Amino acid sequence: MSGGGDASHGDRVPDDHHGEERTEDLLAEWTVGGIVSTLVPLLVAMSILQMVSGTVLESFEEQLLQYPSLLVVVPVMIGTAGNLGSIMCARLSTLLHLGTLEFTPANPDIRANVGAVIGLAATVFVLLGIASWMIGRLLGGSLGLGRILVITVVSGMLLSVWVVLVSTLAVYVSYQLGYDPDDTTIPVVTNVCDITGVLILFGVVAVVL
Amino acid sequence: MVGQDSAVDVYRQALPVILVSLVAGLFAGTLLGTETMREGIRSVPGILLLLPAFLATRGGVYGSLGARLSSGLHQGLIDPHFEWNDRLRNAVVASFLNGMIVSVLIAVLAWGVLLVLGRSGNLLELIIILVVAALLSAFAMLGVLLTVLFKGYRRGLDPDNVIGPVVTTVGDVFGVVFLLIGIEVAGVIL
C-alpha cells in the first residue's frame, strides 16, 4: 500500500530518529489499534442507523429510476442538511465556550444563527429545485419544474427547521452531560440529518407524486 | 466578536461553502441519475440500500483523519513538511483499515436487510462492489486530503476550515463513481 497519489513520496524516511521526544500518552492516541478500535464501533453503529435511510431509498426504487431528478436531489439534500447542522453546532459550541450562550429563543445570537440557517436553506433548496429539474430533463426524466420545486423547497425547509432543533438540542445535551460539544455534536447531528433528510424528502415525495 | 455576528454575516460567510457543496452534490446526483448508474441500481439489488451508509462512512473516516491531522499540525506533533513518520503513517493506515472494515460490514448489513425484506441479494457481489469502491476511495481521498492539508497549511490555510468541505465535496463525487466502478468490476468477476 503506497498511500496513494501525491502522498507516496518520502516513503523511505527512517522514522525512528526522534524517538526520545515522544511522550507515551501522546503516542498512545496515534496508534493504529487505538484509532481503529475507537472509530470502527462508532462507524458500524452509524452504518446500522444509515440502513434506515437506505431502506427508504430502496422502497422508492421505482420512482427514483423513473424520475432521475429525484436521484439528483438525494445527495444534495443529505449533504446540505449535514452542512447546516455542522454550522449551527460549531457556532453554538463556540458561543458556549465564550460563555455567551443562553438557550432561549430571545437570545439574539441564537436568532442570528437560526435566521442564517433558514436563509441558507431557502437559497440552496430553490437553486436545487431548478438545477435538478434541468439535469433531470437532460437525463430523460419527465418531472415538471413546479413539482420538483415543491418537493425540494417544502422538504428542504422542513428539514432546516428540524436541523436547527436537533443541533441546538445536541449542543445543550452534550453540555449538560459534560462533553465538549465540539467533539460530540457534529458526527451525531450529521448522521441524524442524513437519516431524517431522506425520511422527510420521501415523505414529501409520497404526498406530491 | 464571533458572538456578535448577525444573521446576514453568518449567511455571507457560509454561503460559498454551501454553494460549493451544492455543486458537488449535484454532480454526484447527476452521476447517480445517469442511465449507466440506473442500470447498475436495477441490476444489483441493495445498491440504494447501502448508498447512504457508504457515503456517510467515508465522511466519518476521512473527516476524522483530517481533524486528527489538523490538530496534529497545530500541536506540532506532525511536521508541516510531508514526512512519512510514525504518527502520520499510523493515522493513515488506521483510516485505511477503518474504511475497508466498515465497508465490508456495510455489504453484510445490506445483504441482511435484503433478506429481512424478503428480497434476493448476492452477498459476494455486494462485498466485491464495496471492497473495490472503498479501496479506490481510500487512494483518492488520502491523496487529496494529504495534499490539501500539507500544501494548505504551508500557505497559511487553517486545515480546520478546509477539511469539512474537502471531505464532503471529494467524497460525494468520488463515492458514487467508485460504486459504479465496483458494480462493473463485480459484473466482470462474477
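Here the Cβ of each residue, glycine as well, is placed from N, Cα and C on the backbone.
Feature annotations, courtesy of TrEMBL:
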TRANSMEM  B:14-34  transmembrane segment
DOMAIN    B:52-180  domain 'SLC41A/MgtE integral membrane'
TRANSMEM  B:91-114  transmembrane segment
TRANSMEM  B:126-150  transmembrane segment
TRANSMEM  B:162-189  transmembrane segment
Quiz item: Excluding the flanking five residues on each side, which residues at least 6 beyond the ends of the transmembrane segment (B:126-150) place their CB within less than 8 Å of a CB in that stretch?
Solution: 44, 46-47, 50, 54, 58, 61-62, 65-66, 69-70, 73, 80-82, 92, 95-96, 99-100, 103-104, 106-108, 110-111, 159, 162-163, 166-167, 170-171, 174-175, 178-179, 181-183, 185-186, 189-190
Practice problem: On the DSSP side of things, how many residues of the domain 'SLC41A/MgtE integral membrane' (B:52-180) fall into helix, strand and coil, could you say? | Solution: 109 helix, 0 strand, 20 coil
Quiz item: Taking a Cβ cut-off under 8 Å, which residues six or more beyond the ends of the transmembrane segment (B:14-34) line up next to it in the same chain?
Solution: 164-165, 168-170, 172-173, 175-177, 180
Quiz item: So what's near the transmembrane segment (B:91-114) in sequence-distant terms, Cβ-Cβ under 8 Å and 6+ beyond its ends?
Solution: 45-46, 49-50, 53-54, 57-58, 61-62, 64-65, 68-69, 72, 120-123, 126-127, 129-131, 133-135, 137-138, 142, 146
